[in-house]
């Protein structure tokens, strides 16, 4: 074979390899992450509680919902922009709070923040970050961010982080309310999951001095740090600490949605914690309608869990979600290529959402409504 033929043959082979690696949909990122992350790390991110019924139903529920497309609507121009808490974002998808991003990529949450900033959408930073809230702000100074908060037995711990993020310019607090105790995630128990020694929950670095002395540790902090006595009165306590909007994450019933409105919060995230807490609860997309009907526009309603395609986003928005948030897919993007991977995941979802909108006859987000939805008979 001549040199030029060899060169052509090699470049053809490389072209095939590149084509094989083309990231076309979110499942491609999932497969890449599963192949390249350690088993313990993959299992941690993938885990659901108990038999994982709720985790899996989060995805399957979208497949039970059909769309009713309208035709001949002149969709030559489309606009995916929307607002959350009065701030414009490029499309109704943000990044949900997930822990320990440095397990997936060495720059961790700093890369997530930059990737999200580049797409101009909302990043909910997790309390359990492997980068500090200060490092995240420095990495993406113009990003639009909310902060996810737990209430701890030591209220001063929660109080200090609230004051830190408010001073740093975070725009809302997301109070996670579905973890009085941590769900039973079987593979984490089998793997005896622990953060590797070089990583820590950075927001508590130097704050929880008892960490080393603690007899047992759970997901990077001493066991029994979370407060199972948390109740609605703690919402009032949080409001007394801050002027930031408070959004409650973890509501699945109309009764709790009504209580949230009565307690003066500014938003609800319909969430089952990615199926990682109570197994046997509803898929979030199935819980959405009763919550939207109860709230009746008094506060904004968001959703996370099971979003994998642009048409999933369209279905959630049609059923009344102002915005949806993705958890695991953001981590898959990180595992693939850090900041660029996060940006690619968001861009793919944006492109798919725009296409699904157009093929359904919607030119902008305001035109998306429940008339688009037909539940399947099965």
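For all residues, glycine too, the Cβ spot is worked out from N, Cα and C.
Heads up, TrEMBL stuff is auto-annotated, nobody curated it.
The active site, proton acceptor feature in TrEMBL is assigned to 273. Among the features that TrEMBL reports, glyoxylate binding site is placed at 44, 150, 185, 273, 276. The FMN binding site annotation in TrEMBL covers 97-99, 126, 148, 176, 249, 271, 304-308, 327-328. Positions annotated as domain 'FMN hydroxy acid dehydrogenase' by TrEMBL: 18-378.
Mapped onto this structure are the features recorded in TrEMBL.
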| residue | record | Cβ neighbours (10 Å) |
| --- | --- | --- |
| 44 | glyoxylate binding site | 22 |
| 97 | FMN binding site | 25 |
| 150 | glyoxylate binding site | 19 |
| 185 | glyoxylate binding site | 23 |
| 249 | FMN binding site | 25 |
| 273 | active site, proton acceptor | 25 |
| 304 | FMN binding site | 28 |
| 306 | FMN binding site | 28 |
| 308 | FMN binding site | 19 |
| 328 | FMN binding site | 21 |
Cβ neighbours within the same chain of residue 276 (glyoxylate binding site) - under 8 Å, at least six residues apart:
47, 48, 49, 55, 183, 185
Among the binding-site residues 99, 249, 308, report those whose Cα falls within 10 Å of that of residue 273 (active site, proton acceptor); none is a fine answer.
249
Integer average pLDDT (0 to 100) for the domain 'FMN hydroxy acid dehydrogenase' (18-378):
95
Would you kindly give the Cα-Cα distance separating residue 44 (glyoxylate binding site) and residue 328 (FMN binding site), rounded to the nearest Å?
11
Have a look at the binding-site residues (99, 148) and report the one with the fewest Cβ neighbours inside 10 Å.
99
Could you give the maximum C-alpha to C-alpha distance in Å for the residues 44, 150, 185, 273, 276 that bind glyoxylate per the record?
20
Which of these binding-site residues is closest to residue 44 (glyoxylate binding site) if you go by CA atoms: 97, 99, 148, 249, 304?
99
Determine, to the nearest whole angstrom, how far the Cα atom of residue 150 (glyoxylate binding site) is from the Cα atom of residue 249 (FMN binding site).
10
